[in-house]
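*Asks:* Before I ask anything, here is the structure I am working with.
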Amino acid sequence: MEQNDNNARRKKGGLTTMPFIFANEITEKLAVVGFTTNMISYLTTQLHMPLTKAANTLTNFGGTSSLTPLLGAFISDSYAGKFWTITAASMIYQIGMITLTLSAVLPQLRPPPCKGDELCKEASAAQLSVLYISLLLGALGSGGIRPCVVAFGADQFNESDPKQTTKTWSYFNWYYFVMGASMLVAVTVLVYIQDNVGWGLGLGIPTIAMFISIIAFIVGFPLYRNFDPSGSPFTRLIQVVVAAFRKRKITHYDLLYQNDEMDAAISLGGKLHHTEHIKFLDKAAIQTEEDNSKRPNLWRLSTVHRVEELKSIIRMGPIWASGILLITAYAQQGTFSLQQAKTMDRHLTKSFQIPAGSMSVFTILTMLITTAFYDRVFIRVARRFTGLDRGITFLHRMGIGLVISNFATLVAGFIEIKRKNAAKAHGLIEHSNATIPISVFWLVPQYSLHGMAEAFMSIGHMEFFYDQAPESMRSTAMALFWTSISIGNYVSTLLVTLIHKFTKGPNGSNWLPDKNINKGKLEYFYWLITLLQFINLIYYLLCAKFYTYKPVQIHDKGDNSSEENHVQLSTTV
(Lines of atoms letter the chains of each structure in order from A and count residues from 1; the text may use other names and numbers.)
(Lines give C-alpha, C1' and ligand atoms only; values in the text may rest on other atoms or scores of the structure.)
Protein backbone atom coordinates (compact mmCIF):
# COMPACT_ATOMS: atom_id res chain seq x y z
CA MET A 1 0.00 0.00 0.00
CA GLU A 2 2.83 2.38 0.93
CA GLN A 3 4.61 1.54 -2.35
CA ASN A 4 1.47 2.43 -4.31
CA ASP A 5 1.25 5.77 -2.49
CA ASN A 6 4.86 6.51 -3.35
CA ASN A 7 4.29 5.62 -7.01
CA ALA A 8 1.22 7.85 -7.15
CA ARG A 9 3.19 10.72 -5.64
CA ARG A 10 5.98 10.29 -8.17
CA LYS A 11 3.48 10.55 -11.03
CA LYS A 12 2.35 13.92 -9.72
CA GLY A 13 4.29 17.14 -9.84
CA GLY A 14 6.88 18.00 -12.47
CA LEU A 15 6.50 20.56 -15.21
CA THR A 16 2.76 19.89 -15.46
CA THR A 17 2.16 21.82 -12.24
CA MET A 18 4.22 24.86 -13.21
CA PRO A 19 1.42 26.69 -15.11
CA PHE A 20 -0.76 26.64 -11.97
CA ILE A 21 2.02 27.63 -9.60
CA PHE A 22 3.37 30.29 -11.95
CA ALA A 23 -0.17 31.58 -12.62
CA ASN A 24 -0.55 31.99 -8.88
CA GLU A 25 2.82 33.69 -8.61
CA ILE A 26 2.17 36.04 -11.55
CA THR A 27 -1.16 37.30 -10.26
CA GLU A 28 -0.08 37.28 -6.60
CA LYS A 29 3.04 39.29 -7.40
CA LEU A 30 1.02 41.65 -9.61
CA ALA A 31 -1.16 42.25 -6.57
CA VAL A 32 1.68 42.62 -4.07
CA VAL A 33 3.87 44.88 -6.22
CA GLY A 34 0.89 46.90 -7.42
CA PHE A 35 0.01 47.25 -3.75
CA THR A 36 3.44 48.46 -2.59
CA THR A 37 5.50 49.91 -5.47
CA ASN A 38 3.85 53.33 -5.60
CA MET A 39 2.65 53.30 -2.00
CA ILE A 40 5.07 56.08 -1.03
CA SER A 41 3.14 58.37 -3.37
CA TYR A 42 -0.18 57.24 -1.89
CA LEU A 43 1.01 57.95 1.65
CA THR A 44 2.48 61.38 0.83
CA THR A 45 -0.11 62.67 -1.67
CA GLN A 46 -3.33 61.03 -0.44
CA LEU A 47 -2.74 60.64 3.31
CA HIS A 48 -0.31 63.62 3.46
CA MET A 49 2.35 61.84 5.53
CA PRO A 50 5.78 63.50 5.92
CA LEU A 51 8.37 61.84 3.69
CA THR A 52 10.48 60.20 6.41
CA LYS A 53 7.39 58.91 8.22
CA ALA A 54 6.03 57.48 4.97
CA ALA A 55 9.40 55.92 4.11
CA ASN A 56 9.62 54.32 7.54
CA THR A 57 6.02 53.12 7.35
CA LEU A 58 6.80 51.30 4.11
CA THR A 59 10.09 49.81 5.26
CA ASN A 60 8.44 48.70 8.52
CA PHE A 61 5.67 47.08 6.49
CA GLY A 62 8.26 45.43 4.27
CA GLY A 63 10.18 44.30 7.33
CA THR A 64 7.10 42.89 9.06
CA SER A 65 5.98 41.18 5.85
CA SER A 66 9.35 39.47 5.68
CA LEU A 67 9.34 38.53 9.38
CA THR A 68 5.91 36.86 9.48
CA PRO A 69 7.14 34.03 7.18
CA LEU A 70 8.66 32.47 10.30
CA LEU A 71 5.11 31.99 11.58
CA GLY A 72 3.89 30.76 8.20
CA ALA A 73 6.79 28.31 7.90
CA PHE A 74 6.12 26.95 11.39
CA ILE A 75 2.46 26.33 10.56
CA SER A 76 3.35 24.78 7.20
CA ASP A 77 6.15 22.46 8.36
CA SER A 78 4.41 21.50 11.60
CA TYR A 79 0.68 21.24 10.94
CA ALA A 80 -0.96 22.40 7.71
CA GLY A 81 1.46 21.63 4.89
CA LYS A 82 2.46 24.08 2.16
CA PHE A 83 -0.69 23.94 -0.01
CA TRP A 84 -3.19 24.78 2.72
CA THR A 85 -0.91 27.40 4.28
CA ILE A 86 -0.59 29.20 0.93
CA THR A 87 -4.33 29.02 0.32
CA ALA A 88 -5.34 30.38 3.74
CA ALA A 89 -2.67 33.09 3.68
CA SER A 90 -3.77 34.25 0.22
CA MET A 91 -7.31 34.73 1.53
CA ILE A 92 -6.02 36.85 4.43
CA TYR A 93 -4.01 38.97 2.00
CA GLN A 94 -7.11 39.34 -0.15
CA ILE A 95 -9.06 40.83 2.78
CA GLY A 96 -6.24 43.31 3.42
CA MET A 97 -6.25 44.45 -0.19
CA ILE A 98 -10.01 44.89 -0.23
CA THR A 99 -9.74 47.07 2.91
CA LEU A 100 -7.03 49.26 1.37
CA THR A 101 -8.94 49.62 -1.89
CA LEU A 102 -12.02 50.78 0.04
CA SER A 103 -9.90 53.38 1.83
CA ALA A 104 -8.84 54.76 -1.56
CA VAL A 105 -12.42 54.81 -2.86
CA LEU A 106 -14.34 56.16 0.15
CA PRO A 107 -13.56 59.88 0.86
CA GLN A 108 -14.24 59.53 4.60
CA LEU A 109 -11.30 57.13 4.91
CA ARG A 110 -8.69 59.69 3.81
CA PRO A 111 -8.04 63.41 4.51
CA PRO A 112 -9.38 66.13 2.19
CA PRO A 113 -7.26 67.14 -0.84
CA CYS A 114 -4.70 69.94 -0.43
CA LYS A 115 -5.88 73.40 -1.47
CA GLY A 116 -3.28 75.64 -3.11
CA ASP A 117 -0.45 76.62 -0.78
CA GLU A 118 -2.41 75.76 2.37
CA LEU A 119 -0.84 73.28 4.80
CA CYS A 120 -2.15 69.84 3.91
CA LYS A 121 -4.16 68.10 6.62
CA GLU A 122 -2.63 64.77 7.64
CA ALA A 123 -4.75 61.63 7.96
CA SER A 124 -6.51 61.23 11.30
CA ALA A 125 -5.80 58.38 13.71
CA ALA A 126 -8.94 56.59 12.56
CA GLN A 127 -7.97 56.91 8.88
CA LEU A 128 -4.45 55.70 9.63
CA SER A 129 -5.85 52.74 11.57
CA VAL A 130 -7.58 51.52 8.39
CA LEU A 131 -4.25 51.78 6.59
CA TYR A 132 -2.39 49.93 9.33
CA ILE A 133 -5.00 47.16 9.52
CA SER A 134 -4.70 46.70 5.75
CA LEU A 135 -0.92 46.56 5.98
CA LEU A 136 -1.07 44.13 8.93
CA LEU A 137 -3.37 41.75 7.04
CA GLY A 138 -1.06 42.03 4.06
CA ALA A 139 1.94 41.21 6.25
CA LEU A 140 0.17 38.19 7.77
CA GLY A 141 -0.86 36.96 4.33
CA SER A 142 2.67 37.36 3.03
CA GLY A 143 3.85 35.33 6.00
CA GLY A 144 2.08 32.27 4.70
CA ILE A 145 2.72 32.79 0.99
CA ARG A 146 6.38 33.74 0.83
CA PRO A 147 8.09 30.84 2.65
CA CYS A 148 5.86 28.19 1.10
CA VAL A 149 5.24 29.01 -2.55
CA VAL A 150 8.89 28.83 -3.64
CA ALA A 151 9.55 25.61 -1.72
CA PHE A 152 6.22 24.17 -2.89
CA GLY A 153 7.20 24.74 -6.51
CA ALA A 154 10.62 23.15 -5.98
CA ASP A 155 8.94 20.19 -4.26
CA GLN A 156 7.22 19.35 -7.54
CA PHE A 157 10.54 18.02 -8.86
CA ASN A 158 11.71 14.64 -7.62
CA GLU A 159 15.36 15.14 -6.74
CA SER A 160 16.01 11.38 -6.73
CA ASP A 161 15.02 11.14 -10.41
CA PRO A 162 18.16 11.44 -12.59
CA LYS A 163 16.11 13.07 -15.34
CA GLN A 164 15.27 15.97 -13.03
CA THR A 165 18.63 16.64 -11.39
CA THR A 166 19.04 20.07 -12.99
CA LYS A 167 15.42 21.17 -12.93
CA THR A 168 15.31 22.30 -9.30
CA TRP A 169 18.06 24.91 -9.56
CA SER A 170 16.80 25.95 -13.01
CA TYR A 171 13.36 26.33 -11.45
CA PHE A 172 14.67 29.07 -9.13
CA ASN A 173 15.92 31.08 -12.10
CA TRP A 174 12.63 30.81 -13.93
CA TYR A 175 10.56 31.36 -10.80
CA TYR A 176 12.35 34.65 -10.33
CA PHE A 177 11.99 35.46 -14.04
CA VAL A 178 8.21 34.90 -13.98
CA MET A 179 7.95 36.91 -10.79
CA GLY A 180 9.95 39.73 -12.40
CA ALA A 181 7.77 39.76 -15.52
CA SER A 182 4.69 40.20 -13.34
CA MET A 183 6.39 42.97 -11.39
CA LEU A 184 7.22 44.68 -14.67
CA VAL A 185 3.52 44.96 -15.50
CA ALA A 186 2.81 46.24 -11.99
CA VAL A 187 5.40 49.04 -12.06
CA THR A 188 4.35 50.23 -15.51
CA VAL A 189 0.64 49.70 -16.12
CA LEU A 190 -0.58 49.80 -12.52
CA VAL A 191 1.59 52.72 -11.45
CA TYR A 192 0.43 54.69 -14.50
CA ILE A 193 -3.21 54.00 -13.59
CA GLN A 194 -2.61 55.01 -9.97
CA ASP A 195 -0.95 58.29 -10.95
CA ASN A 196 -3.16 59.26 -13.89
CA VAL A 197 -6.54 57.54 -13.49
CA GLY A 198 -7.11 57.03 -9.80
CA TRP A 199 -6.08 55.07 -6.76
CA GLY A 200 -9.39 53.23 -6.53
CA LEU A 201 -8.84 51.54 -9.90
CA GLY A 202 -5.09 51.35 -9.37
CA LEU A 203 -5.58 49.29 -6.20
CA GLY A 204 -8.73 47.55 -7.41
CA ILE A 205 -6.93 45.79 -10.29
CA PRO A 206 -4.34 44.07 -8.05
CA THR A 207 -7.14 43.15 -5.64
CA ILE A 208 -8.94 41.33 -8.46
CA ALA A 209 -5.62 39.80 -9.57
CA MET A 210 -5.14 38.40 -6.08
CA PHE A 211 -8.55 36.73 -6.24
CA ILE A 212 -7.65 35.14 -9.59
CA SER A 213 -4.35 33.87 -8.15
CA ILE A 214 -6.19 32.00 -5.40
CA ILE A 215 -8.52 30.31 -7.89
CA ALA A 216 -5.65 29.36 -10.22
CA PHE A 217 -3.69 27.82 -7.38
CA ILE A 218 -6.58 25.77 -6.00
CA VAL A 219 -7.52 24.40 -9.45
CA GLY A 220 -4.13 22.69 -9.72
CA PHE A 221 -4.55 20.77 -6.45
CA PRO A 222 -5.03 17.28 -8.00
CA LEU A 223 -1.70 17.59 -9.86
CA TYR A 224 0.54 18.68 -7.00
CA ARG A 225 3.03 16.59 -5.06
CA ASN A 226 1.90 17.25 -1.49
CA PHE A 227 4.03 16.15 1.45
CA ASP A 228 2.59 15.68 4.90
CA PRO A 229 4.04 17.96 7.58
CA SER A 230 6.63 16.13 9.69
CA GLY A 231 6.14 17.90 13.01
CA SER A 232 7.57 21.10 14.37
CA PRO A 233 11.18 21.59 13.23
CA PHE A 234 11.65 24.16 15.98
CA THR A 235 10.73 21.57 18.60
CA ARG A 236 13.29 19.14 17.17
CA LEU A 237 15.99 21.80 17.25
CA ILE A 238 15.21 22.70 20.86
CA GLN A 239 15.21 19.02 21.82
CA VAL A 240 18.75 18.66 20.48
CA VAL A 241 19.95 21.66 22.50
CA VAL A 242 18.28 20.39 25.69
CA ALA A 243 19.62 16.84 25.24
CA ALA A 244 23.16 18.15 24.60
CA PHE A 245 22.96 20.38 27.68
CA ARG A 246 21.79 17.49 29.85
CA LYS A 247 24.80 15.43 28.78
CA ARG A 248 27.28 18.29 28.82
CA LYS A 249 29.48 16.59 31.44
CA ILE A 250 30.09 13.50 29.32
CA THR A 251 33.57 13.80 27.82
CA HIS A 252 34.42 10.37 26.37
CA TYR A 253 32.28 8.41 23.93
CA ASP A 254 32.75 6.30 20.80
CA LEU A 255 29.24 5.83 19.38
CA LEU A 256 26.39 8.13 18.42
CA TYR A 257 22.75 7.10 18.20
CA GLN A 258 20.88 6.57 14.93
CA ASN A 259 17.33 5.42 14.28
CA ASP A 260 16.34 5.16 10.60
CA GLU A 261 12.73 4.32 11.38
CA MET A 262 12.23 7.34 13.62
CA ASP A 263 13.90 9.66 11.10
CA ALA A 264 12.20 8.21 8.01
CA ALA A 265 9.62 11.00 7.67
CA ILE A 266 12.23 13.76 7.88
CA SER A 267 14.90 12.15 5.67
CA LEU A 268 13.08 11.02 2.52
CA GLY A 269 15.99 12.20 0.36
CA GLY A 270 18.70 10.71 2.57
CA LYS A 271 20.16 11.06 6.04
CA LEU A 272 22.62 13.74 7.04
CA HIS A 273 26.21 12.58 7.62
CA HIS A 274 27.89 13.24 10.93
CA THR A 275 30.23 16.25 10.80
CA GLU A 276 33.06 17.28 13.09
CA HIS A 277 31.78 20.83 13.60
CA ILE A 278 30.05 22.17 16.72
CA LYS A 279 30.90 18.97 18.60
CA PHE A 280 29.10 20.01 21.75
CA LEU A 281 25.81 19.20 20.03
CA ASP A 282 26.99 15.62 19.37
CA LYS A 283 26.39 14.96 23.04
CA ALA A 284 22.66 14.98 22.33
CA ALA A 285 23.18 11.69 20.42
CA ILE A 286 25.14 9.91 23.15
CA GLN A 287 23.20 6.88 24.38
CA THR A 288 23.58 6.19 28.10
CA GLU A 289 22.20 3.41 30.27
CA GLU A 290 19.21 5.61 31.13
CA ASP A 291 18.15 5.93 27.47
CA ASN A 292 15.73 3.57 25.71
CA SER A 293 17.04 3.16 22.14
CA LYS A 294 13.75 1.73 20.83
CA ARG A 295 11.50 4.45 22.26
CA PRO A 296 13.84 7.29 23.21
CA ASN A 297 12.91 10.37 25.17
CA LEU A 298 13.84 12.98 22.55
CA TRP A 299 14.52 15.56 25.25
CA ARG A 300 17.37 13.30 26.40
CA LEU A 301 18.46 11.45 23.26
CA SER A 302 18.49 12.65 19.63
CA THR A 303 19.62 10.93 16.48
CA VAL A 304 22.67 12.00 14.47
CA HIS A 305 20.34 13.19 11.69
CA ARG A 306 18.50 15.56 14.07
CA VAL A 307 21.74 16.87 15.51
CA GLU A 308 23.00 17.55 11.99
CA GLU A 309 19.76 19.38 11.17
CA LEU A 310 20.59 21.90 13.87
CA LYS A 311 24.23 22.09 12.76
CA SER A 312 23.09 22.82 9.20
CA ILE A 313 20.91 25.70 10.36
CA ILE A 314 23.73 27.13 12.49
CA ARG A 315 26.23 26.89 9.61
CA MET A 316 23.77 28.77 7.37
CA GLY A 317 23.49 31.65 9.85
CA PRO A 318 26.53 33.72 8.82
CA ILE A 319 25.66 33.43 5.10
CA TRP A 320 22.08 34.38 5.94
CA ALA A 321 23.26 37.56 7.69
CA SER A 322 25.33 38.66 4.70
CA GLY A 323 22.18 39.31 2.65
CA ILE A 324 20.76 41.92 5.02
CA LEU A 325 22.63 45.00 3.78
CA LEU A 326 21.87 44.22 0.14
CA ILE A 327 18.19 44.65 1.02
CA THR A 328 18.97 47.85 2.92
CA ALA A 329 20.54 49.25 -0.24
CA TYR A 330 17.74 47.93 -2.45
CA ALA A 331 15.05 49.45 -0.21
CA GLN A 332 16.09 52.98 -1.13
CA GLN A 333 14.63 52.56 -4.63
CA GLY A 334 11.12 52.70 -3.26
CA THR A 335 11.76 55.77 -1.13
CA PHE A 336 14.59 58.25 -1.81
CA SER A 337 15.35 57.15 -5.39
CA LEU A 338 11.67 57.60 -6.18
CA GLN A 339 11.76 61.08 -4.65
CA GLN A 340 14.77 61.90 -6.82
CA ALA A 341 12.84 60.78 -9.90
CA LYS A 342 9.91 63.02 -8.95
CA THR A 343 12.12 66.11 -9.18
CA MET A 344 13.60 65.26 -12.60
CA ASP A 345 12.38 65.60 -16.19
CA ARG A 346 10.41 62.40 -16.87
CA HIS A 347 8.97 63.32 -20.27
CA LEU A 348 9.27 60.86 -23.14
CA THR A 349 7.17 63.11 -25.36
CA LYS A 350 5.65 66.54 -24.82
CA SER A 351 2.44 64.98 -23.55
CA PHE A 352 3.66 61.80 -21.83
CA GLN A 353 5.98 61.41 -18.86
CA ILE A 354 7.10 58.32 -16.99
CA PRO A 355 5.52 57.95 -13.53
CA ALA A 356 8.23 58.16 -10.88
CA GLY A 357 7.09 54.85 -9.42
CA SER A 358 7.72 53.17 -12.77
CA MET A 359 11.46 53.84 -12.66
CA SER A 360 11.89 50.46 -10.99
CA VAL A 361 11.03 49.01 -14.40
CA PHE A 362 14.73 49.37 -15.16
CA THR A 363 15.61 47.29 -12.10
CA ILE A 364 13.17 44.58 -13.13
CA LEU A 365 14.15 44.60 -16.81
CA THR A 366 17.81 44.27 -15.91
CA MET A 367 17.01 41.49 -13.46
CA LEU A 368 14.99 39.65 -16.15
CA ILE A 369 17.70 40.04 -18.79
CA THR A 370 20.44 39.01 -16.35
CA THR A 371 18.46 35.99 -15.13
CA ALA A 372 17.75 34.79 -18.67
CA PHE A 373 21.38 35.37 -19.69
CA TYR A 374 22.58 33.53 -16.58
CA ASP A 375 20.36 30.51 -17.22
CA ARG A 376 20.78 30.28 -21.01
CA VAL A 377 24.39 31.46 -21.55
CA PHE A 378 26.43 32.02 -18.40
CA ILE A 379 25.81 28.57 -16.91
CA ARG A 380 26.80 26.80 -20.14
CA VAL A 381 30.02 28.77 -20.46
CA ALA A 382 30.93 28.46 -16.76
CA ARG A 383 30.20 24.72 -16.85
CA ARG A 384 33.11 24.21 -19.26
CA PHE A 385 35.55 25.65 -16.72
CA THR A 386 34.07 24.39 -13.43
CA GLY A 387 32.50 21.07 -14.42
CA LEU A 388 29.47 21.94 -12.27
CA ASP A 389 25.97 21.42 -13.70
CA ARG A 390 24.87 24.73 -12.22
CA GLY A 391 27.90 26.55 -13.67
CA ILE A 392 29.12 28.13 -10.44
CA THR A 393 28.19 27.48 -6.83
CA PHE A 394 25.50 29.57 -5.23
CA LEU A 395 28.16 31.00 -2.90
CA HIS A 396 30.07 32.40 -5.90
CA ARG A 397 26.82 33.68 -7.37
CA MET A 398 25.95 35.52 -4.17
CA GLY A 399 29.42 37.06 -3.94
CA ILE A 400 29.10 38.51 -7.46
CA GLY A 401 25.76 40.04 -6.47
CA LEU A 402 27.24 41.71 -3.39
CA VAL A 403 30.04 43.27 -5.46
CA ILE A 404 27.54 44.69 -7.97
CA SER A 405 25.36 46.08 -5.15
CA ASN A 406 28.37 48.04 -3.85
CA PHE A 407 28.70 49.73 -7.23
CA ALA A 408 24.96 50.48 -7.32
CA THR A 409 25.00 52.72 -4.23
CA LEU A 410 28.40 54.18 -5.10
CA VAL A 411 27.08 55.31 -8.49
CA ALA A 412 23.85 56.57 -6.91
CA GLY A 413 25.80 59.07 -4.82
CA PHE A 414 27.53 60.60 -7.86
CA ILE A 415 24.25 60.82 -9.77
CA GLU A 416 22.65 62.65 -6.85
CA ILE A 417 25.48 65.23 -6.97
CA LYS A 418 24.81 65.75 -10.68
CA ARG A 419 21.07 66.17 -10.01
CA LYS A 420 21.68 68.82 -7.34
CA ASN A 421 24.22 70.64 -9.47
CA ALA A 422 21.57 70.93 -12.18
CA ALA A 423 19.14 72.31 -9.59
CA LYS A 424 21.71 74.90 -8.47
CA ALA A 425 22.51 75.92 -12.03
CA HIS A 426 18.83 76.72 -12.66
CA GLY A 427 18.12 78.29 -9.27
CA LEU A 428 15.75 75.50 -8.18
CA ILE A 429 17.35 74.38 -4.90
CA GLU A 430 14.62 76.09 -2.85
CA HIS A 431 11.77 74.83 -5.04
CA SER A 432 10.94 71.30 -3.90
CA ASN A 433 8.08 70.84 -6.37
CA ALA A 434 9.85 72.25 -9.42
CA THR A 435 11.03 69.97 -12.23
CA ILE A 436 14.80 70.12 -12.58
CA PRO A 437 15.86 70.18 -16.26
CA ILE A 438 17.87 66.96 -16.06
CA SER A 439 16.67 63.70 -17.55
CA VAL A 440 15.36 61.05 -15.17
CA PHE A 441 17.32 58.53 -17.25
CA TRP A 442 20.42 59.54 -15.28
CA LEU A 443 18.95 57.29 -12.57
CA VAL A 444 18.93 54.24 -14.85
CA PRO A 445 22.47 53.07 -13.91
CA GLN A 446 21.68 52.77 -10.21
CA TYR A 447 18.34 51.08 -10.84
CA SER A 448 19.89 48.67 -13.35
CA LEU A 449 22.83 47.76 -11.12
CA HIS A 450 20.39 46.91 -8.33
CA GLY A 451 18.52 44.62 -10.75
CA MET A 452 21.73 42.89 -11.79
CA ALA A 453 22.76 42.46 -8.15
CA GLU A 454 19.37 40.95 -7.35
CA ALA A 455 19.65 38.41 -10.19
CA PHE A 456 22.88 37.14 -8.68
CA MET A 457 22.50 37.63 -4.94
CA SER A 458 18.80 37.14 -4.23
CA ILE A 459 18.31 34.09 -6.45
CA GLY A 460 21.58 32.62 -5.19
CA HIS A 461 20.50 33.29 -1.61
CA MET A 462 17.16 31.57 -2.19
CA GLU A 463 18.84 28.62 -3.91
CA PHE A 464 21.32 28.36 -1.03
CA PHE A 465 18.58 28.14 1.59
CA TYR A 466 16.57 25.51 -0.27
CA ASP A 467 19.61 23.36 -1.06
CA GLN A 468 21.41 23.55 2.27
CA ALA A 469 18.46 23.39 4.65
CA PRO A 470 17.36 20.01 6.06
CA GLU A 471 14.68 18.67 3.73
CA SER A 472 11.98 18.73 6.41
CA MET A 473 12.66 22.43 7.06
CA ARG A 474 12.54 23.94 3.58
CA SER A 475 9.59 26.22 4.32
CA THR A 476 11.51 27.34 7.40
CA ALA A 477 14.57 27.93 5.22
CA MET A 478 12.55 30.11 2.85
CA ALA A 479 11.30 31.98 5.91
CA LEU A 480 14.94 32.64 6.83
CA PHE A 481 15.43 34.08 3.34
CA TRP A 482 12.52 36.46 3.87
CA THR A 483 13.68 37.22 7.41
CA SER A 484 16.95 38.60 6.01
CA ILE A 485 14.79 40.86 3.83
CA SER A 486 12.83 41.85 6.93
CA ILE A 487 15.90 42.83 8.87
CA GLY A 488 17.31 44.63 5.83
CA ASN A 489 14.20 46.82 5.74
CA TYR A 490 14.41 47.45 9.48
CA VAL A 491 18.09 48.39 9.15
CA SER A 492 17.02 50.87 6.47
CA THR A 493 14.45 52.34 8.85
CA LEU A 494 17.05 52.56 11.61
CA LEU A 495 19.60 54.24 9.33
CA VAL A 496 17.08 56.76 8.02
CA THR A 497 15.88 57.57 11.54
CA LEU A 498 19.38 57.96 13.00
CA ILE A 499 20.71 60.00 10.09
CA HIS A 500 17.63 62.24 10.08
CA LYS A 501 18.12 62.81 13.82
CA PHE A 502 21.89 63.26 14.07
CA THR A 503 22.50 65.24 10.88
CA LYS A 504 19.95 67.86 11.76
CA GLY A 505 21.59 71.30 11.77
CA PRO A 506 20.61 74.44 13.69
CA ASN A 507 19.42 76.13 10.49
CA GLY A 508 17.13 73.22 9.59
CA SER A 509 19.65 71.48 7.35
CA ASN A 510 19.60 67.69 7.20
CA TRP A 511 21.05 64.88 5.09
CA LEU A 512 17.51 63.60 4.61
CA PRO A 513 15.07 66.53 4.85
CA ASP A 514 11.33 65.91 4.96
CA LYS A 515 10.21 68.58 2.52
CA ASN A 516 13.00 69.30 0.04
CA ILE A 517 15.65 66.71 -0.87
CA ASN A 518 17.42 69.35 -2.99
CA LYS A 519 18.70 70.85 0.27
CA GLY A 520 19.83 67.52 1.70
CA LYS A 521 22.94 65.35 1.44
CA LEU A 522 21.41 62.20 -0.01
CA GLU A 523 24.74 61.34 -1.67
CA TYR A 524 26.34 60.99 1.77
CA PHE A 525 23.59 58.55 2.75
CA TYR A 526 24.23 56.44 -0.37
CA TRP A 527 27.97 56.40 0.28
CA LEU A 528 27.46 55.41 3.90
CA ILE A 529 25.50 52.41 2.66
CA THR A 530 28.32 51.70 0.19
CA LEU A 531 30.85 51.64 3.03
CA LEU A 532 28.67 49.31 5.08
CA GLN A 533 28.21 47.05 2.07
CA PHE A 534 31.98 46.90 1.48
CA ILE A 535 32.54 45.77 5.07
CA ASN A 536 29.74 43.24 4.59
CA LEU A 537 31.43 41.94 1.43
CA ILE A 538 34.67 41.24 3.33
CA TYR A 539 32.62 39.48 6.02
CA TYR A 540 30.82 37.39 3.39
CA LEU A 541 34.06 36.30 1.69
CA LEU A 542 35.37 35.03 5.02
CA CYS A 543 32.11 33.18 5.74
CA ALA A 544 32.03 31.61 2.27
CA LYS A 545 35.66 30.50 2.52
CA PHE A 546 35.03 28.52 5.70
CA TYR A 547 31.50 27.31 4.91
CA THR A 548 30.90 23.52 5.02
CA TYR A 549 28.25 22.14 2.66
CA LYS A 550 25.48 19.93 4.01
CA PRO A 551 26.60 16.26 3.87
CA VAL A 552 23.90 13.79 2.81
CA GLN A 553 24.06 10.00 2.54
CA ILE A 554 21.57 7.90 0.61
CA HIS A 555 19.35 5.57 2.64
CA ASP A 556 20.61 2.05 3.13
CA LYS A 557 17.62 -0.09 2.24
CA GLY A 558 19.27 -3.25 3.57
CA ASP A 559 19.19 -4.89 6.93
CA ASN A 560 18.57 -2.56 9.85
CA SER A 561 20.54 -4.39 12.46
CA SER A 562 21.31 -2.97 15.83
CA GLU A 563 24.84 -2.14 14.69
CA GLU A 564 23.39 0.24 12.09
CA ASN A 565 21.80 2.32 14.85
CA HIS A 566 25.16 3.91 15.58
CA VAL A 567 27.84 5.93 13.82
CA GLN A 568 31.47 5.12 14.52
CA LEU A 569 33.48 8.23 15.38
CA SER A 570 37.11 8.63 14.38
CA THR A 571 37.93 10.53 17.56
CA THR A 572 36.56 11.05 21.02
CA VAL A 573 35.91 14.32 22.74
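Glycine is treated like the rest: Cβ placed from N, Cα and C.
Per TrEMBL, the feature transmembrane segment maps to 83-109, 130-154, 174-193, 200-224, 352-374, 394-415, 479-499, 524-542.
Describe the structural context of each listed feature in the structure shown, including burial, neighbouring residues and relevant distances.
*Replies:* Only residues 6 or more beyond the boundaries of the transmembrane segment (130-154), in the same chain, are considered here, and those with a CB under 8 A from a CB of the stretch are 17-18, 21, 24-25, 28, 32, 35, 43, 47, 57, 61, 64-73, 75-76, 82-83, 85-86, 88-97, 99-100, 102-103, 109, 123, 168, 171-172, 175, 224, 462, 466, 474-479, 481-482.
Counting residues 6+ beyond its ends, the transmembrane segment (200-224) has Cβ neighbours under 8 Å at 12-13, 16-17, 19-21, 23-28, 30-35, 38, 83, 86-87, 90-91, 93-94, 97-98, 100-101, 104-105, 152, 156, 186, 190-191, 193-194 in the same chain.
For the transmembrane segment (352-374), same-chain residues at least 6 beyond its ends with a Cβ under 8 Å from one of its own Cβ atoms are 37-38, 40-41, 173, 176-177, 180-181, 183-184, 187-188, 191-192, 194-196, 333-334, 337-339, 341-342, 345-346, 391, 440, 443-444, 447-452, 454-456, 459.
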*Asks:* May I ask for the residues of the chain that lie six or more residues beyond the transmembrane segment (479-499) and have a Cβ under 8 Å from a Cβ within it?
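*Replies:* For the transmembrane segment (479-499), the far contacts come to 52, 55-56, 59-60, 62-67, 69-70, 72-73, 146-147, 316, 320-321, 323-328, 330-332, 335, 461-462, 465, 469, 511-512, 525, 528-529.
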*Asks:* So what's near the transmembrane segment (174-193) in sequence-distant terms, Cβ-Cβ under 8 Å and 6+ beyond its ends?
*Replies:* 22, 25-27, 29-30, 33-34, 37-38, 150, 153, 201-202, 205-206, 355, 357-358, 360-361, 364-365, 367-368, 371-372, 375, 455, 458-459, 462
